[in-house]
Amino acid sequence: MAGAATQASLESAPRIMRLVAECSRSRARAGELWLPHGTVATPVFMPVGTQATMKGITTEQLDALGCRICLGNTYHLGLRPGPELIQKANGLHGFMNWPHNLLTDSGGFQMVSLVSLSEVTEEGVRFRSPYDGNETLLSPEKSVQIQNALGSDIIMQLDDVVSSTVTGPRVEEAMYRSIRWLDRCIAAHQRPDKQNLFAIIQGGLDADLRATCLEEMTKRDVPGFAIGGLSGGESKSQFWRMVALSTSRLPKDKPRYLMGVGYATDLVVCVALGCDMFDCVFPTRTARFGSALVPTGNLQLRKKVFEKDFGPIDPECTCPTCQKHSRAFLHALLHSDNTAALHHLTVHNIAYQLQLMSAVRTSIVEKRFPDFVRDFMGAMYGDPTLCPTWATDALASVGITLG
């Protein structure tokens, strides 16, 4: 296996991350990603737009909130509208009129989310389209080819994804296959000077398999690494231990992207564990259920208690929704057939995530991150000592106590 890395690592990958500050107690770090469409401050939360758009928010609004990188989905974009059409629009940036950075996933996650429509072999993943029923093969080469056509700033290797609750030989098979597919992705990548290919660490909840994957993949000189195969139903205790194992063995000078994580507590804890980048559909999805994210958790604005509440969602939030609209107004909209409330809540929830990560970053730079964590947990749970046990244990493992 080690021999396969030699050819794949012939050309030195660009260094796209500059560390600005590090927490002296935990593994938390603040940095900058130097990408083709501008600098991105880290830690960073990246909103998810499956098909070249966010649900409930425009690119102009996303820009105004300060978002400098968001996600697109290779599998869905590859099927519809298709890479050929997007390429004619000067890539995904031109197609969606987005002036900042884009990260496209490889399509591998659809092995889990569309498991009834997919079949995995060494060749790749054979899908049956949810749109027209036609069969298509997504190989490592095809995934990279589509992402090269899309022109995203960060592209992801195709990995063999299994649910985090799966155990046994399938997990080992997927881990080793992901290493082989990484080499095929590196070989197929036509634009390494303009698009940064990230590897994805697999291995499920097996520490030995994760360690093997980390050892092999870090031999490949790629610009960054993602931690995959988590946030899929495993216990939080299992989750944080796999994250901590991964960050302890990933290169310090390269970005660490924890895939599929978006709950506020998870973000803060995983920054402490050493992660730099996060994505999740949670803030937009929860908005569609009438839920607004706030420092104390969330507000279910459909509830009658908000019917005559004329305050903003969050008095400290600077987003357009909080500046212009009351809880009572949003409550009324949610009980009508008007979809505007979902739009307003999406704007707020994404703003909340971005503002949270900005505050986390500032606390790292100002060398007060442990105090920030205690204040955050105190607001979220009423008292930092009432924080969930898994989070307390995870933070203690990197030197942050909540008592």
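One is the number of the first residue shown, and numbering goes on along the chain from there.
Including glycine, each Cβ sits where the backbone N, Cα and C put it.
Annotated Zn(2+)-binding residues in Swiss-Prot are Cys317, Cys319, Cys322, and among His335, His343, His344, His348 the one listed with them is His348.
Of the residues Gln87, Gln145, Gln202, Swiss-Prot places Gln202 in the same queuine site as Asp105, Asp159, Gly229. Among the candidates Ser129, Ser139, the residue that Swiss-Prot annotates as phosphoserine is Ser139. When Swiss-Prot is compared with the stretches 8-14, 148-154, 260-266, the one noted as region 'RNA binding' is 260-266.
Listed ranges 219-223, 249-253, 284-288; the one Swiss-Prot annotates as region 'RNA binding' is 284-288. Sequence-distant contacts of the region 'RNA binding' (260-266) (same chain, at least 6 residues past either end, Cβ-Cβ under 8 Å): 45, 109, 230-232, 275, 278-283, 293, 352-353, 356, 376-377, 380, 387-388, 391. Taken residue by residue, the region 'RNA binding' (260-266) breaks down under DSSP into 3 helix, 0 strand, 4 coil. Look at the recorded positions Ser139, Gln202 and count other Cβ atoms within 10 Å of each Cβ; Ser139 has the fewest.
This prediction places the mean pLDDT of the region 'RNA binding' (260-266) at 98.
Checking each of the recorded positions Asp159, Gly229, Asp279 against Ser139 (phosphoserine) by C-alpha distance, the shortest gap belongs to Asp159.
In the region 'RNA binding' (284-288), helix, strand and coil residues by DSSP number 4 helix, 0 strand, 1 coil.
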